[in-house]
Amino acid sequence: MTRIAFIGLGHMGLPMARNLLKAGFPLSAHDLVPEAVAQLAGEGARAANDAHDAVQDADVVISMLPASRHVESLYLGDDGLLAYIAPGTLVLECSTIAPDSAKKVHQAAGKLGIDLLDAPVSGGTAGAAAGTLTFMVGGAAEALEKARPVFQAMGKNIFHAGPAGAGQLAKVCNNQLLAVQMIGTAESMALGVANGLDPRVLAEIMRQSSGGNWVLERYNPWPGVMETTPASHDYEGGFMSELMAKDLGLAQETALASGSSTPMGGLALHLYRVLLRQGLGKKDFSVVQSLFGAPEE
Ligand code: NAD
């Protein structure tokens, strides 16, 4: 059976690794937070002492880290992990990072005979827990075929976006659109409620009308409209605003490089920066609702 090393057991990594264990893959795990590793060890994973220990004997290495700098320092730093990974091993880099950063890691891995794919995901923590994530994959099609059974244990839709870095490009476009939908939904919810509409009724009308979108289907930012969303739990868990700000920054950098015009993405970035300055960076990105008015406690 394919042996997997999983590095980065945060909001997304932990439930993804759990699904691999459930599918029967032997798995070694590492995170800088020992409690996360201990939790997974209690469910059958081997608790690695560090990242180098985790990848020993692994056929597949998966990383799910916050941002480009974490990924580059893990794989390329002075004591970078790539030097400890055997040629022929498959590396699935699932974090959302800059497309250029992904290309850099691809290139270094390729020189060592390691098959690497950039494979960022969509679907949120609920999709990670349910094993229904979407993977947007950049890299060689043959490597994707080798990785498919592993992706299938964690996700439902697996797309080959193109060559190295293409998965990250698709992800950046998707998250820019997600932020714009979230902000638009939040301001419409606030507008309706300020004028006397019941938030649940308004949410359902818009969901089934021409304003319907993924946020209204699964992730309403108004507390109490959907019982299981972060909005109904003081905006805890989910996808942190600081990570959304990072992704919107990547979208702006990408747009600058290609001369593309992305005014909605630019405005979204600035609204998320306001939230960060308000100390809300660790809250779920639906906390953008608070900029437009949120319900009384
Ligand atoms: P998170 O901050 O909850 O988890 C990141 C984990 O990486 C943490 O547990 C941290 O301790 C660990 N870590 C950092 N550096 C490390 C290192 N050098 N070695 C080992 N562990 C290290 O973040 P998350 O919400 O799980 O997101 C992870 C990635 O997935 C991000 O790039 C994010 O943009 C992306 N993403 C998140 C969501 C979501 O809904 N949360 C959805 C899609 C994509």
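Note: Cβ is positioned from N, Cα and C throughout, glycine not excepted.
Among the features that TrEMBL reports, domain '6-phosphogluconate dehydrogenase NADP-binding' is placed at 3-162.
Averaged over the domain '3-hydroxyisobutyrate dehydrogenase-like NAD-binding' (165-288), the predicted model reaches a pLDDT of 97. The domain '3-hydroxyisobutyrate dehydrogenase-like NAD-binding' annotation in TrEMBL covers 165-288.
If you take the C-beta of LYS171 (active site) and look for same-chain residues 6 or more apart in sequence within under 8 angstroms, you find THR96, PRO120, VAL121, SER122, MET136, ASP247. Under the heading active site, TrEMBL lists LYS171.
Secondary structure by DSSP for the domain '3-hydroxyisobutyrate dehydrogenase-like NAD-binding' (165-288): 84 helix, 2 strand, 38 coil.
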